Structures are given as structure tokens and as C-alpha cells.
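Peer 1: Taken from TrEMBL, the feature domain 'TXNDC16 N-terminal' covers 31-133. Annotation comment: TrEMBL describes 134-255 as domain 'TXNDC16 second thioredoxin-like'. The domain 'TXNDC16 third thioredoxin-like' annotation in TrEMBL covers 256-347. The annotation region 'Disordered' is assigned in TrEMBL to 353-389, 774-840. TrEMBL lists 361-377 with the feature compositional bias 'Acidic residues'. The domain 'Thioredoxin' annotation in TrEMBL covers 407-507. Here TrEMBL flags 781-791, 799-812, 828-840 as compositional bias 'Basic and acidic residues'.
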Amino acid sequence: MPAQKDRWVSSFSFLLFYTSSIPARGGAGLLQELSPQQYFGSLQAGRASLAYFSRNVSPVVQPFLEQIENSAEALQDYGISVVKVNCPTEDVSGYCGKENTLRKAYLFRGNMLIREFPTDALFDINSIVANVLFALLFNEVKYVETLADLQNIENALKGRSNVVFAYVPATGTAEHRAVMEAAFAYGTVHQFVLTTEATLLKDAGSDEPDVSSARLLFCHCQRATDLAQPCKRTAMRQALTMLNIHRHLKLMGAPLVTEVAEDPEKVSTVHLQLGLPLVFILSQKETYEADRRTAEFVAWQLLGKAGVALLSRDLVDMNILLRSNVALKTPDEGVPVKYLVLEDTDEVITLVEDKNKVEQIQEDEEEDEEDEEDEGEKENNNQDLQDDQVVEAVSRDKKRELPLEQILALTEETFHSALLETARTAVLFYASWEAVSLAVLQSYTEVADHLKGTQGVLLSRVNCWDWPGVCAKENVTQFPTMKIYEKGERSVMYNGMWGTEELTSFIMLSRVSCPLKLATMEEAEGYLRGEFPPELSSYQHTSILGVFSPATSEAREAFKEAGNVLSGHVTMGMYFEDDVLALSRKYAVSPPALLLARSGGRSVEGIALSKQSAQDVVEMIRYELLDIFPEITVQNLPRYLQLRKPFLILFSDGDIGQMESKEMLKLAKGRPQQAFVACWLNLKKTPVGRGVLKAYFTTVPSLPVLVWVNLHVGGQVFKFPSEQPVTETNVLSWLEKLKAGLEIPSSTLSEEDWKPPLPAYDFLQMMGTAAPELPLHTSHHRGDSPTRHPPESPGGDAAVREEPSQEMKAEKVGSPGRDLRGTAPRLAAREKQGKRHSEL
């Protein structure tokens, strides 16, 4: 605050000074008339004076003397005194005796002569003030004739100071005076450079074809820290007057982007005080870096026309900020801040340059809201078209904000650095408009709550709609996708169910090396009991221990590769110490072998490891992990369907009886070559089973009921006779009759594919074509056509790049037409997608 106060005091003082320098009659009272002895005797060291030596006033000299008198007051404001030295007729010594003395004026600093001026060069007050200040500021204001001269000055000042470059068609003009007065006031802050060469003005990049008018360019050399980086130049659009120069330099000295954390109605900046509008780019914590670059790019485009502020939605509690991405505040008193939804930076720039655009955008938004309300009514009236319960549930809860504070949002810039900060990083790749992604994101927040405070695990997310380059580079081809990265290197992709419990288990199991090398018999025994490693002791899981002798190194390597594939899905240990044979004898196996410990080590099963390839080991482990007589649920059904075997399934209304359970378990264990899947389904825990029974028998039969169905061949459904008890003998006898074709099926399932009633949408293709309402977030120059790259070779989205300077960031990252990436309202994209495909 003190620094800001000093700046405003300085500015106010300067304006007072400028006001006093306006030409005025009556300067004769400040013009001193002295004799030569008096004049030279009054000279003070460091003080400047303009002297005219006169004997008698002739009519030719009278106009010049009038201008000298008029300039006395203006020059006095700069500490320069104006003196008419009356030379006695008989005095021919010193300046009184010089040739053409009556046609010259002399500028002294102390008793040192600085410059002689011909009187015809001092033809009015502007020429006098301009030439005098130019002479006094000779070392502060550089005069250049070529572009090379200008660039040499810029190069010498890069990273240290800015340059004010002025072109005037001729010296001694009002514009020349304004530049000199500005140099006198701001010369200690900026380097002033002057030229009268019209060709240099064109070479310096001025787009103004008229070279008869003076021009001023502000060269931003202080931001150019690299010698090869040119100084960006901002032209002053107004006439070259002292007041306009002062205003332009105030704007150039203001922060490029102002960060604010309060209601926009209360914000005041130098731009508003100088009569310019203020554009707010609305941001949020997870996309701050991208929003900052967007704001900087916009600020460079609007420099001198409007101010730009970055406003965080996270710091200001205003609902309207969630529905907008840009706000505009004008300097007009009583005009409220306008909140808008814009698609790209071109629209922001047009918003400032075309005042009628604001009203047009607001009218379009009102029409869109009306259309959305109409679409919403149609959707409510056509719920029978809603074939996706996930979409319906997400749509119903779309106004509820998820608690994402414990999940780190990653961007293009932060992705790789975040992976290196933690031992293991879980990353959820999702699309903010896609229903399943949003449903999984809710489960993910619950996982974050469960794992709060867990060391060594970072939960993060990447919105692929905002950062398609990151997702393409990580080969994410479907939403949602979750991967766990180990120190930013090896990654394991999750392919299970998206429930909270399943996700939590995957993340926790991923914390342990797979396979885990065990060093002693005690560790191996503790591992089989579920006590080692201790971080997994509270999780119910099946432990797999591979035992290997020195002669079975090939099988051991295959087991290690299988562990890399199954990491996060199972816990695998490996024991190959000298006493491995003792452990093998205890469990009646010969290396290489697998030991499966279920239910905390209460039951350990030994299996010979005859397969030698990693893929064979993976398939073997996955099969052995399946329950012998499983309860079928929505979560585990896909694993058993993948076996492509017939199902012998016992439907019950609650837990099955002890006798049925015992008989079915005997049947499952003794099934020849495991030719079918023996299982059961509890209708109370899995109500969808009633729908399955209706599809089989039209109505739900009396329970329990044993059913044979082959979903993969023929689709025939057979019902076990209800009058017979479910015993191993009776069921095997019934299966023999089925095999012999002696039983009539209760029903035959349709061979039609089970497809949704409406066609699916290729969302990835939609992102590639980039519809106008939802543009793809890549940067390209106007006139370029965005190139679509395959996931294996994403172009232009480098996740890690050399950090450029602030100015180059704005030029490289924020090219014309750049999309408002993170600034888009959090739900806007999703709502627009839903609007476009309301038949979902």
C-alpha cells in the first residue's frame, strides 16, 4: 500500500506540474533582465538557464523575445531560468562581442555552455521547451536513425528496463515537446528514444500508414530476459500529447494480469480509473496455470484498451461464477458487472472492441437457457427413451457439487512432476461431460475419504476434455480409465468394477510390490496367514505364494512378469531361499508351485506350476482365484462369463440352506474337467435376478430353483425338477439326461445381440471434430486447420517443456483463437452435451 500511495502522489504531482506548463500569457514577469556581470555572477552549479544577449531591440527580434518571455513560466517548472542579458553599447567582450550574438540563444548549466540555438529554431513556446529539454536530456534521450540503433539499445536494456520509442516528423513541434516533458518526468524509469526517420517507424513495426503524424511505442524489454527474444511493442493509439503519454505509461506500468479474490463489483484498478473496462477471466484451483496463461494472452491483446483480472471461483462465494467464465466491468458508474459464457479468446477481444457484442451474447445466452428448459421438459415427458440409468442418475444430481478437495487435479504442466512426488499416484482419466465418468468420480471421492491420511499414495484426476493431449499421450482411449503410476514410470491400469470398495482395494494392493520377495520362512508363513505385509492385514484378500528352487529360474521369471500384470488385483509373494524345500514339504508341493491362502490362511491350497510363460501364469492365477461355488453378483458376473461355460445356478430368496450348500459344493468340486460353473444367486442381495428368472420362465417360479443355462451355445434354459431334492446324485443324473437330449428346455433365449435401444455415440470422434459449442482444447493460429492426431502420436501437447519467459508463454501457448480451457463453467460442457443428445 505505501508504494501504491507514493505512485499516486507522484502522478498527481506530475499532473499539477503539467497543468502549470500549459502556455500562458504573462510570462514576462518571470523573464529576468540582467547585465552581463550580474548574469554570470548569479549562475549556480547544476542549475540551467537560457540566455539571450541583446543590445537594442530591433523589430526583427521582437517576435522572438515575445516567445522567450512566454516560455519563461514553462521552463521555470523544470528549474530552468530565462534571462535577457542587456549588453552595454561599448561592451564588445565575451558573449556581447560575439558575431551573430543577436541571432542566437545560449543554454548554460552553471557556467558551462551546453548548447547554442539559432533564434529561428526557437519560433514558439513548443519549440523552445522541446529544444531546451532535448539539449539538457541529451544523455537520457537517445536519438536513433536506423532499426539497428534501436535494437542495440533494446538489447542493452533487456531484463532491466523498458524503452519508450517516439517518432516525430520534425523537432520543435508540440509532439516533440510532449515527448521531452514525458522524458523529464519518467526518464529515470524508462529509456526514451527519439527519431524523425519515417522509415524507422515502419521498420519498428508500426501498422500506421500515415507517417505525417507523431507516434509512440512502448517496448517491453524488461520482460525479455533472453537476448534472442525481441521486445514486444505496444503502440499508443491516441494523439501524442503529454496527458495521453502519461496515461499510456500508467497503463504499461500496471500489472499485466491482476489477481483478485473479491466481488467484481468492489474491484477497482488503474484501468477503470483511467476510463477503460476490466475483463475478469474466471478460474479455479485445478486449472489455475492454464487460466493464468489465458489471462496473460488476453491481456497482451487488450493492452492499452482494457485491463484483465484473474478471479478464482474457489475464493469468492458467488453462484453466478459457476455459470460463467468471463465477466466485464465498465468504468461507467451504476452499470452492473456483466457475466458471460464465451468460447475462446477471440470473443473476449471482440467483447472489448465491439460494445454491441455484449448485448448480443447475453441475448444468445437467454435463448439457450430457454431452449434448455424446453429440452428439459421434453426429457421429463419422454422418460421411456432414457435407456441408461447412469445418465439418468447423474442428470438428476447434476447440480450437486462433488467434494474434490482431496483429489489433486492435474494439468498438462503438472502431470509428470506430480507423478514423481509420491511413491504411487492413482490417476483417474475422465471426461467432465460423460455420465459414467461423473458417476465414477463420485466413487472416487468416497475412496479419497476412506484413504485420507494414507502415506505413499496420491489420488489425482485428469479431465480429458480440458487436457486431451495428456490423455492421448497416456494412451487413454475410453472414459473413465484409472492407472496407478509407480514414481512416474511403470503404470498399471485398473480393469475392475467402479465401486468404492473395489477401487479402494485396487489402490491399497498396489502399494505392495507384486510379487513381494520374502526373505525368511517366518515371513512366508506370516504372508500366508495375511499378517505380512502389515499394511494389508485389515483387507480381506487371497494371498498367492510362489515357491521356487534354484533350478526353476525360468518359472520364477514368468511368475515375476505375471506379478507386473496383476499388480493391484491380487497379492503375490515369492520365496526361493535355501530352505524352500522345507516349506514345500509342509504343504505337499514340489517347486515350482503356487500356494493359495484363502480366508486369512485358514485354508492353504497347493497347485503345481507347470506353465512356463507369463501369460499362462496370469490366466492360471485368475482362474484359481475364482470361488469354487460362488455367489453371483453384478460385480463378479463378468469374470465368470469370460469362462464361456454353461451355468448351473441355484436361485434363492435369501441364503441357501445348509444341505443345498453342501451338496452343490460337492458337485462343484467334483465337476469333470470343470465343464460348467456351479453357482448361486441371492435375490435379496441381487434383485436383478428376478428379472433374469422372468426372462427364463415368464413368471418367477417358487424358490429355491436350480437352473441350467448355456448363454454361449443355443441359449436353452432347463429347470431342475422341483419335486426332487437338490443332491449331488440327483443333479448329476439330471445333467446326464440333458446331455442325452431327454429333457425338454423350459425356454430358449433369443439369439439377438443385447444392444441398447438407441445407438451409441462416438464421443472420441466428437472431441476430434470439435463442435463449435465444445471446442477441442488445443492451440492453433487463425487460418490453420487443427490436425487430428492418433492417441499414439499426439501432436503439440507436450506435457513437459522448457519453461519460457512470461511474454513468450503468452505468445506460444496463447495463440489467436485459443480456447477458454479451465475457465469454462464446470458443468457447462456436460449440460450442452446433454442438450445436444437429449434422446439419451
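Just so you know, glycine gets a Cβ as well, placed from its N, Cα and C.
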Peer 1: What is the average pLDDT across the domain 'TXNDC16 third thioredoxin-like' (256-347)?
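Peer 2: Computed over the domain 'TXNDC16 third thioredoxin-like' (256-347), the mean pLDDT is 88 on the 0 to 100 scale.
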Peer 1: Could you break down the residues of the domain 'TXNDC16 N-terminal' (31-133) into DSSP helix, strand and coil, giving a count for each?
Peer 2: 41 helix, 30 strand, 32 coil
Peer 1: Provide the three-state DSSP residue tally for the domain 'Thioredoxin' (407-507): helix first, then strand, then coil.
Peer 2: 37 helix, 25 strand, 39 coil
Peer 1: With DSSP as the yardstick, break the domain 'TXNDC16 second thioredoxin-like' (134-255) down into helix, strand and coil residue counts.
Peer 2: 45 helix, 23 strand, 54 coil
